[in-house]
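Only one structure is covered here, and it is reproduced in the block below.
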């Protein structure tokens, strides 16, 4: 437990999708999904590192001297998959591992047609939050709640001290829409208020 929150793997002991999900499919990350998720994350991180991210409010974003590529972590992915398998939209209460605190990004898309979830589009939703980020704030993560809601997925994705990512996906029928629900867990966690987003 952390601050009274029960860890996702302890709270939800079944590896199967919850009855909350109703009709579901695609309840696992494929090798191709993993490759896409890593590529989209690392393409943006390399772009930032090179000083080529021109977007922002205002931009351009500063270049980074320390921006390692993320690598996949199966433990983080297993916790993310267990969480999306609950079909509860939002962040889980505790997802930390012994190694470090763990951050999380979530995204959702919907379609009337059933088909594979588009990992590129889901991750791009987080990257597009750069449009709201004031480049001057990279040196110290702002704590303003309303502002954080607009930039927090992006800032975790490019957090300089984060090195690992692991994700889970599920597609479930919600009324007439097939919803794709993606969660990615990041270690060590980013979005520490007052700390540099990257250096």
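Placement of Cβ uses the backbone N, Cα and C atoms for every residue, glycine included.
The disulfide bond annotation in Swiss-Prot covers 21-87 (among others). Following the DSSP three-state reduction, the secondary structure of residue 21 (disulfide bond) is helix. Around residue 21 (disulfide bond), taking its Cβ as the centre, 22 other Cβ atoms fall within 10 Å, counting all chains.
Per Swiss-Prot, the feature disulfide bond maps to 167-184 (among others); the stated evidence is similarity to another entry. Under the DSSP three-state reduction, residue 184 (disulfide bond) is assigned to strand.
Here the domain 'SCP' (38-186) returns a mean pLDDT of 98 for the predicted model. Under the heading domain 'SCP', Swiss-Prot lists 38-186.
Helix, strand and coil counts under DSSP for the region 'Disordered' (47-67) come to 3 helix, 0 strand, 18 coil. Among the features that Swiss-Prot reports, region 'Disordered' is placed at 47-67.
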Key: Contacting positions for the region 'Disordered' (47-67) when only residues 6+ beyond its ends and CB under 8 Å are counted   = 130-135, 138, 158, 160-161, 198-199
Key: Collapsed DSSP category at residue 87 (disulfide bond)   = coil
Query = What are the non-local neighbours of residue 167 (disulfide bond), defined as same-chain residues 6+ apart in sequence with CB under 8 A from its CB?
reply = 29, 33, 34, 37, 76, 77, 80, 81, 182, 183, 184, 185
For the disulfide-bonded residues 87, 184, the one whose C-beta sees the most other C-beta atoms within 10 angstroms = 184
